[in-house]
Amino acid sequence: MTAPALLPLSGRRLPPLNLGASSFPHHRATLRLSEKFILLLILSAFITLCFGAFFFLPDSSKHKRFDLGLEDVLIPHVDTSKGGKNLGSFLIHGQGHDEHRHREEEERLRNKIRADHEKALEEAKEKLKKSRDEIQAEIQTEKNKVVQELKKKDSKPLPPVPLPNLIGINSGEPADPDIQEKRNKIKEMMKHAWDNYKQYGWGHNELKPIARKGHSTNIFGNSQMGATIVDALDTLYIMGLHDEFREGQEWIDKNLDFSVNSEVSVFEVNIRFIGGLLAAYYLSGQEVFKIKAVQLAGKLLPAFSTPTGIPWAMVNLKSGVGRNWGWASAGSSILAEFGTLHMEFVHLSYLTGDPVYYNKVMHIRKLLQKMDRPNGLYPNYLNPRTGRWGQHHTSVGGLGDSFYEYLLKAWLMSDKMDTEARKMYDDAIEAIEKHLIRKSNGGLTFIGEWKNGHLERKMGHLTCFAGGMFALGADGSRDDKAGHYLQLGAEIAHTCHESYDRTTLKLGPEAFKFDGGVEAVAVRQNEKYYILRPEVIETYWYMWRFTHDPKYRQWGWEATQAIDKYCRVSGGFSGVKDVYSSSPAYDDVQQSFFLAETLKYLYLLFSNDDLLPLDNWVFNTEAHPLPVLHLANTTLSGNPAYR
C-alpha cells in the first residue's frame, strides 16, 4: 500500500513536530491587550481623522473643484445647419453661477462630518459599556461572517457530469447465518472504533485509544483535518451505518478547511482525503464531498511546480511551497508517492471537466517511459530537479508498492482501454518475477528487495498486497498466463498467512526474513510490530473473489479474532509492539487506515460478491472504491464539459 511506518524510511508516519504554544510563551503574553484598549486606540485614530478633515478641507474659492454633477460639464454644441454634426464648438453650462453654492456645499459637508463624529462617539460609549465577553462574541461573529464569505467564494459550482453506472452499493447480505454473524461482528468492531474516535478524538486526525485523546503525525501537517472521518466514510456507508456517515458528512461540511498553514504529504492526502471524498461522493451522491475533493486538489497542484513536473513529497496548503523528505536519497521524490496519483486525478478531471489533473499524471507517465530502467526495474527514487534516478533500490513493498498497483488499476478503471498502462504493468511484473521473486528452502514464495545489485531476502507486510494485485491482473495478462498469475497470487497469500501463523498473537510482523533456517519470521526487534495494517487481509479478499476457496475466509476470521483479542482496548483499537510476545505493549494509535481498509476488506470478505463488484469498481490504495469510467478512450470524452 504505502511506505513502511515508524521507520525512518517512511512514506507514512514520522514523529510530528511540536510547535505548540509552549514554544512561544513571551510572544503570546505580549498580545494580551484588552479589547477595550484596542477599541479606544481605533476610536482616537478615527476622531483625529474626522477633525483633520474638518479643519483642513480645501477652500473651494481658491482651488479648482471637480464635480460629477451636470452643472459644470462641457456640453458639445451641435450645428445641424448643413445636415451634419459639427462637434467643433462647446458651450459651458453653469458659468453664470456665483460662488454661493460652493460655500453652501462646504457647510453641508462640515455638518455631515460633525454628525458622523458625534454618532461614532455615541457608538463607542455604547461599546465600552459592554463586558469583555460581549465584545469578544461580537468580534467572533464578525470573523465567522468573513470565513463564510470566503467559503462561498471557494465553493464554485462544478459542471454537471453524468455519473457512471453505480452497481452494488447496498447489497452483499450473505445467506449463510454463520457468515452473516461474522460480518456483523466486523461491523460491531467498526462501530467500536468509530464511537471511541468520536468521543475522544473527534476532528483530530487519529485517536490514541489508551490515552483517550487525539493523535496526529507530520504526514497531515500541524492541523486537525479529521483524517479518520474522511477515511472511514465509505466503510460506514457500505456497512449501513448511515447515522455515523451523516455525522461525518456534517463535520466535513462545517469544519474541513484546506486554507491552513500546514505542510502535508501529497501522497497521503491524495489517497486518504481525495480518494475518501470521491468515494463518499460516488456512493452517496452528496455534492459537498465532490466540492471538498476539488478544493483540496487545487491546493496540491503547486507541488508539481518542479523542473521535471515530478511532484514534491510535501506541500504547504497555504503557501504552495513544496519540498522532499530529508532522508530520501539526495532530495529525491519517491516512486510509490508520485506514482500513486493517477486514479484520483483522472476522476478529478472527469468530474470537473478540467484536464489539468489528467495532464499532470500523464506527464509523469511519459517521463517514466523515456527513462532507462536497470534490469527493467523501476528504482524507488527519482530526483525532481534533474529527472535522474536516485540510488538503485527497487521494492514491491514500501517506497514502490502502489506505483505498480496503479498501473494495473489505471487500465481497469479506464474499462481496459488504457492499454499503455497495461503494457507498463506487464513489463514491470516480468522484471519483478525475474529479479525479485524467489522460493525459500521451505517452499515459500516471497518477493525480495533489490539493493545496489543485491537481492535482500526480506519481505515487508506492505508487500503482501501483491498477492491480490497478481490475482486482479491475471485476466488480460500476456501469453495466456492468467492461471500462472492467479497461482502466484495464491502463493504470496500463503506466505503472508505463514508470517501471521508463526507468531504468538497470530498477527503479522512489519517485515520478515528468509535467511538460512529463518523463514517468514521477523528477526529485528524494530520489525516485530503490528500497526493494524490491511495488506494481508486485502490479498485474502481478492483471492476469495477470484477463487471462492473457503480457506481465505478462514484465514480472514483468524485475523479478525486476533485483532479483537489483542488490539481491542476500551477506547478503540491499538497496534502492538511485538507480535511474538504473549503480553505485548500497545503503541496507542488507532490508525485511520484501520477503519478505511482493514475493517472494510474484512467486511467485504464476509459479504456476497454483489457488494462493490470488481467489474464496476476499482479500489484505490487506501481501499476507497472508485467507479470504472466506461469511456471511449483515455481522454475522458465521457464528460461533456471536457470535450
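Keep in mind that glycine also has a Cβ here, set from the backbone N, Cα and C atoms.
Remember, it's a predicted structure, so these values are computed and weren't measured experimentally.
Summarising the annotation, TrEMBL assigns active site, proton donor to GLU268 (among others).
For ASP401 (active site), the count of additional Cβ atoms within 10 Å of its Cβ stands at 30 [all protein chains shown]. Annotation comment: TrEMBL describes ASP401 (among others) as active site.
What TrEMBL lists as active site, proton donor is GLU510 (among others).
The active site feature in TrEMBL is assigned to GLU535 (among others).
Residues annotated as Ca(2+) binding site in TrEMBL: THR621.
The disulfide bond feature in TrEMBL is assigned to CYS464-CYS496. If you draw a 10 Å sphere around the CB of CYS464 (disulfide bond), it holds 31 other CB atoms from the protein chains shown.
The region 'Disordered' annotation in TrEMBL covers 148-177.
According to TrEMBL, the transmembrane segment annotation covers 37-57.
When the recorded positions ASP401, CYS464, CYS496, GLU535, THR621 are ranked by how far their Cα is from the Cα of GLU268 (active site, proton donor), THR621 comes first. Cα of THR621 (Ca(2+) binding site) to Cα of ASP401 (active site): a distance of 9 Å.
Within the set of active-site residues ASP401, GLU510, GLU535, the entry lying nearest in space to CYS464 (disulfide bond) is GLU535 (CA atoms). Here the candidates are the recorded positions CYS496, GLU510, GLU535. The one whose C-alpha lies nearest to that of ASP401 (active site) is GLU535. A straight line from the CA of GLU510 (active site, proton donor) to the CA of CYS496 (disulfide bond) spans 11 Å. It is 9 Å from the Cα atom of GLU535 (active site) to that of CYS496 (disulfide bond).
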